[in-house]
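Engineer: Can you keep this structure in mind? I'll have questions shortly.
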């Protein structure tokens, strides 16, 4: 009987295979038979190259458009579509063979033909792009999916195809790949860029790519998120390619050996560093929804070699191989429905939970075997090359002429799907050699040529990678690049520091304490500029009126950019960092914060400086910095600089003229001025001219005003409803700056900014009080003034991007009120609107204190990311609540300090205190309150919630928020970032921090109970609130019995109970969880030792 069943199965399989083959009738190629037979040992170099030339001619160049030079995506008749990405690899394939032909003296014109096929394609793409120069200009200012360059063009005319609504054109990886191959090909001697219009256009492409770290796109697979619902994501593969392109093109001359100073491309060093940080924080993930992805292979290996860290490279590669490798190729990503038998070809997007259908039957792509072969060649690993060559051979096919063909993918036919799902890997797959995909997959064909040329040693890695994107570890020290793609070597970087005093009298005063400084006049002819003037200079970079392109967008220059020396219009210029700018936002008035910022900036430079030559850090000392009690901390910092070590960073202080010789010099030659053009005006930092016979006085002010001077005489609630004339009278009578500001704020809301008081308009009056309060360090009045005039720090948007770069979400809004979740970078204007809209209805001062915290957290998360471990969502309002709670704990029986009266540096220290791992001395109530406010979770928490959900058919509910089992488990995977965010969203409805922490503990208890009792599962919806209530009820019973006290509804004693121990919270939580589980059915298990029969 078994034999008959096996025979029937075999016959059935043959029938199904024949049916699948019938569907593929009309194929021009069949499985490979003779193409890989060993060729004669005495084959000449000409014979070897001639063989590959014929392959390239018949499987690549045959399809190249004679007009634009682009390559079609599908080679079946009549298809007019060309994808930038595919065409680039086709050009690279022709170029690779041209490099091999350079080794033959008499090549019969083939080198020229192949090189110019590549050039024609590269210029064809440039032609398509330049016709969309208006989109480059829009995207540069406002990067959105509806302002980007197109990724699809007509193969023969170069016209754009499909609107933004019909196709996801935002694929930054394609633009980055173009820039990368442009540099590689020009470095090999090809001439691709012809004139200054093209140079300025490429420079503008660089401006677009620089900010990839903050632009979610549709990725290599053109689908955005894994759910294929039209949403974009930040992809590691896109960021990695952008990083590689920026490293390759920085300081590169687009005219090659014939170039001059104005054909050089400039890259913002700080933007490049942001991309690097983003890539390292995203990996080994591809994005929030893609836990891993085969698109990472060309990112971490050929052609980008984007990773600095060998450990991260191995971790990422291992994950890709482990999760995606198959017999026929690599899956693109898990649950990828592309071209599977169950995908509906008529629908562009998937329905919710539809991706579960594709689990286990994803198509496998042989092209990734080729990437692994190339990676093996570059890394000198012949074993890897052979392994993937052996895997590739059985899946190759051949044309009727006998040339090898790489199928685009292998799929499971519809008749085999159920068998494959039941037994993964058991069914035969069939290649995509007909139908919608055309006859040849040109991207695969091109990569096959590159891989085989490298494997057969007809070209070397140095030939195809002339800019040395890949540098072996042992050779890293010998590579002279603008900044290498390789990570920092273990060196002891010394930062050069120049001390500049703003006036001569300040210099004399500091000299009496042994601090040697220079004034702006003493460093002449070197000019000192604020970074904003450098931004003005860079605005002239890439301007092209004919194409309608402006220069570099108005983006600040960061610490790395200001650590270089610039040659501008014959002048030598140094810039002081942005932290020394006199900002309109009040934080710049706190000297202790400035000292902290200087230490952070030096640590940042030490960690991320990658250029040859030492960084030059200019410390600008102002007279206001040393007044009163601010003098001692400032003097301590200057003494530490003089001694050569500050904050763990080695520094060398010297005269600016001496330090220039060891610095990096950037020539800004794009500022070419003709006789007819007017010279741009730049304002250098000018020396302060003090009044005659004046001296610097240390005693002129104090660091913080006395508490009594800070305390207002009036309250908003008391005076809000009083008539205007009474408010004006009180305004004239009181001398307290905080009280005056509060009264003016009431008038501002009621009468408007132009209402006249005795000292002018309300808005002008508030502005003057704001300045006076700042000089006196009356922080309460300062914050009121800043809030009423809606001050906004220019560094908020970059700091929020820093949160996102580190894989965190951020919420803005007051504790206990509606919050706005930010999961993608936003413009400063949008963030300002959110802050003032969400916070002003609660307390005017909240809007400015939230800005302070965003700035503080941005610095802390950059330098000490471990303080935010376990915190996926940073809720600013809740953190403020935690800080106020901490002040209450510290005050004991006395009235707590007002958070708004603390200086910004004291606020930062308080923030650092609550972020530190909780000290043992704290009671459990305080621990839970702080951890709950910080939204901190234990290690592996979200994975445990996933495991709970797997055994909870009706889902989990807490605070009225339901997390259903389906479609959650169908749409997502266990280690997916989006699932973790979904859990956070569920917990976000809880309004009490300590209660939230008890719920987190409860979920950990549920997970452990289920783990130890595999036969149990929940039959009904798990109501966490109900379980906590029952656990508290059990706790009350024990408390009243043991302590002989009446039951109390107040849960304080429960919150203050340790989790572990005989009567710990976990024992009560475990009891109610077990009760709920035992109410349901017990699933029998064969391994259960308790079974009696």
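A Cβ is built for glycine as well, from the same backbone N, Cα and C atoms used for every other residue.
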Engineer: Which one of these stretches, 7-29, 30-52, shows up in Swiss-Prot as region 'Calmodulin-binding'?
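Structural biologist: From Swiss-Prot, the annotated region 'Calmodulin-binding' range turns out to be 7-29.
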Engineer: Give the range, chosen from 740-767, 768-795, 796-823, 824-851, that Swiss-Prot lists as region 'Calmodulin-binding'.
Structural biologist: 768-795
Engineer: Of 659-687, 688-716, 862-890, 891-919, which range does Swiss-Prot call region 'Disordered'?
Structural biologist: 688-716
Engineer: Please identify the range among 568-599, 600-631, 920-951 that Swiss-Prot labels region 'Calmodulin-binding'.
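Structural biologist: Matching range for region 'Calmodulin-binding': 920-951.
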Engineer: Can you count helix, strand and coil residues in the region 'Calmodulin-binding' (920-951) using DSSP?
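Structural biologist: Tallying H, G and I as helix, E and B as strand, the rest coil: 21 helix, 1 strand, 10 coil.
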